[in-house]
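Reading through the C-alpha cells given below for one structure.
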Amino acid sequence: MSSGLRAADFPRWKRHIAEELRRRDRLQRQAFEEIILQYTKLLEKSDLHSVLTQKLQAEKHDMPNRHEISPGHDGAWNDSQLQEMAQLRIKHQEELTELHKKRGELAQLVIDLNNQMQQKDKEIQMNEAKISEYLQTISDLETNCLDLRTKLQDLEVANQTLKDEYDALQITFTALEEKLRKTTEENQELVTRWMAEKAQEANRLNAENEKDSRRRQARLQKELAEAAKEPLPVEQDDDIEVIVDETSDHTEETSPVRAVSRAATKRLSQPAGGLLDSITNIFGRRSVSSIPVPQDIMDTHPASGKDVRVPTTASYVFDAHDGEVNAVQFSPGSRLLATGGMDRRVKLWEAFGDKCEFKGSLSGSNAGITSIEFDSAGAYLLAASNDFASRIWTVDDYRLRHTLTGHSGKVLSAKFLLDNARIVSGSHDRTLKLWDLRSKVCIKTVFAGSSCNDIVCTEQCVMSGHFDKKIRFWDIRSESVVREMELLGKITALDLNPERTELLSCSRDDLLKVIDLRTNAVKQTFSAPGFKCGSDWTRVVFSPDGSYVAAGSAEGSLYVWSVLTGKVEKVLSKQHSSSINAVAWAPSGLHVVSVDKGSRAVLWAQP
C-alpha cells in the first residue's frame with residue numbers, strides 16, 4: 001500500500017488486516033525483546049572475557065620467559081604471588097568454563113529462536129498467500145455479486161414484461177372467448193335457420209314435385225282414356241292382362257289400360273324420393289345406406305370358398321407415391337387398391353390381371369397418411385393422418401365427406417366398426433376415440449396410458465396394440481379395459497382372421513403371434529432368421545381364409561408363414577430396396593401387395 005494514502009481511503013477489510021499485523025508484531029516483539037537484550041549483553045560479556053582470556057594467556061606465556069631471564073631475582077616472584085596467580089588462573093578458568101557453558105546455552109537459544117523465526121516467517125508467508133487468495137476470492141465474489149444483481153434486474157424486467165404480456169393475453173383470451181361464445185350462438189342460430197329454410201325448400205320442392213306428378217298423372221290418364229277408346233288387336237297368347245268391358249257385346253276385345261296404368265304408377269312413385277336424395281347429396285349428407293353398392297363387391301364369396309394362393313413372383317412393380325408409403329388396403333371386392341403415403345395423399349388403383357392402373361387421388365390431408373380402411377360395402381374409405389385427424393372419402397366420386405379432429409397427437413390407426421356408422425381411432429396422444437358418423441361427433445374418449453399403434457374391432461370389442469408392449473381389449477359399451485395381454489416387444493400391428501376368433505400381432509421383438517380370443521392364449525408364434533420388424537407401425541395381415549400370415553421385413557423381403565405348421569411358407573425378395581411398411585392380401589386370395597419406406601409398391605401373385 002502507498003504511504004500517501006490515508007487510512008480512510010482503504011476498505012474496511014484492508015484496515016482490519018493492517019491492524020491485525022501490527023498487533024501481532026507488538027505481541028511477538030514484546031515476548032522476545034528481553035531475551036534479545038540479554039543475549040546481546042551476554043555476547044558483549046563473552047567478547048570481554050575472550051579479550052581478558054587472551055590477555056591472561058599472553059601474560060602466562062610471558063611470565064616463564066621473564067623467569068628464565070632473571071631466575072635469581074628474588075623480589076619479582078615469590079610464593080604468595082605464585083599462589084595468587086594460580087588462584088586467579090583457576091578462577092578465570094572457572095569463569096571461562098561458565099562463559100562457554102552460557103555461550104552454548106545462548107547459541108542453542110539462538111538456534112531455537114531462529115527456528116521459531118523461520119516457522120513464523122513461513123506462517124507469515126502462508127497467511128499472506130491466504131490473504132491474497134481471500135482477496136482474490138472476495139474480488140471474484142464481488143464480481144459475481146455484481147453479475148447476479150445485473151441478472152436479477154434483467155429477470156425482474158423480463159418477469160414484469162411476461163406478466164404484462166400474460167395480462168394482455170388474458171384480456172385477449174377473455175375477449176376471444178366471449179367472441180367465440182357469441183359466434184357459436186350465432187352459428188347455432190344460423191344452422192337452425194338454415195335447417196328450417198332447407199326444410200321449407202324441401203317441402204316446397206316436394207309440393208312442386210307432387211303437383212307436377214299429379215299433372216303428369218292426369219295427362220297420362222287422359223291419354224290412356226283416349227287410347228282405350230281405340231280397339232287394339234290382341235293375340236291369344238299375349239300375357240297382357242285383359243279387362244272385359246261389360247257394356248260391349250264383343251267379349252274378345254281387350255284394352256291395356258290396367259297394365260299400362262300399373263307401370264305408370266310405379267314410375268310416378270319414384271321422382272320424389274330421387275329428388276330428395278339429390279338435394280341431400282348436394283350438401284354431402286348421404287347416409288351409409290344411401291350409397292349404392294359398388295360393382296366390385298357383387299362377386300364376393302365367403303372366406304371358405306376363396307382360392308387363396310401363396311404368391312411366388314412379383315407380377316407388377318410401380319412407384320405408388322412421392323416418398324414413403326405407409327399403408328395399403330384392398331377393397332372388399334379386390335378390384336380397388338388404396339395406398340397412403342407421406343405425400344399426404346390416398347391413391348386408388350384398379351387391380352386387374354397382373355397390373356395396377358391408377359384411378360384417382362383422394363386429397364385433403366395436411367400430413368402423411370398412416371392407416372387406410374374400407375367400409376364393408378367398399379363405398380367409403382377411412383384414412384388416419386399425422387395431422388391429428390382422420391378423414392372419410394366416398395370412393396365413387398373421390399369427395400371428402402368427413403374430417404374427424406380432436407386428437408392432440410398423430411393418429412396412427414382408424415377403423416370402421418361392423419355397423420359402418422361408428423369409427424374408432426387410436427393416437428400417439430395415448431387416447432382412443434369413438435366417433436358417430438350420424439351425429440358427426442366424438443361420443444367417447446378413453447385414455448389408454450400408452451401410444452396406440454394399431455386397432456382392430458369385433459362387434460362388441462375393440463383391440464388396440466400399444467407402445468408399452470400391451471394389447472388391450474376394450475368393451476365398446478363402457479370405457480373400461482376388459483383384459484390386457486403383455487408381449488415382449490412394442491406392438492406394431494394387429495389383424496383378425498375371417499372368423500374373428502384369432503388375433504394376429506406383430507411386435508418389435510421380431511415375433512408374430514396368433515392369439516386365440518376364446519382362450520386368451522398364444523396359439524402360434526412365427527419367426528425367421530432373416531425377419532426383422534422395420535418400424536413401430538409395420539403392418540401384418542392374415543390371408544382371406546386365415547391359413548397364412550404375411551409380413552414385411554426391414555431388409556425388404558416379404559415373409560409368408562403357414563398358420564397350421566408355424567413354418568415359413570415363402571420368402572419373396574429382390575424387389576424392395578428398403579424396409580417394408582405394410583402388406584395387404586386381396587379378399588379374392590389371388591394377390592398380395594407390399595409397400596416400403598421408399599416409394600415402391602409390389603403386386604405379388606402366383607402364375
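Using the three backbone atoms N, Cα and C, a Cβ is placed for every residue, glycine included.
S269 is the residue among S269, S361, S365, S425 that Swiss-Prot labels phosphoserine. Per Swiss-Prot, the stretch carrying the note region 'Interaction with ATG5' among 13-43, 447-477, 540-570 is 13-43. Residue ranges 87-99, 230-242, 490-502 are listed, and Swiss-Prot annotates 230-242 among them as region 'RB1CC1-binding'.
Among the stretches 320-359, 447-484, 486-525, the one making the largest number of Cβ pairs under 8 Å with the repeat 'WD 7' (575-607) is 320-359. Same-chain neighbours of the repeat 'WD 4' (447-484): 371, 409, 412-418, 424-432, 434, 490-496, 500, 503, 505, 507, 515, 520, 536-537, 539, counting only residues six or more beyond its ends whose CB sits under 8 Å from a CB of the stretch. S139 (phosphoserine) has a Cβ environment of 10 other Cβ atoms inside 10 Å. For the repeat 'WD 5' (486-525), same-chain residues at least 6 beyond its ends with a Cβ under 8 Å from one of its own Cβ atoms are 303, 453-456, 458, 463-471, 531-533, 535-542, 544-546, 549, 551, 561, 563, 566.
With DSSP states grouped into helix (H, G, I), strand (E, B) and coil, the repeat 'WD 4' (447-484) comes out at 0 helix, 23 strand, 15 coil. Mean model confidence for the repeat 'WD 4' (447-484) is a pLDDT of 90.
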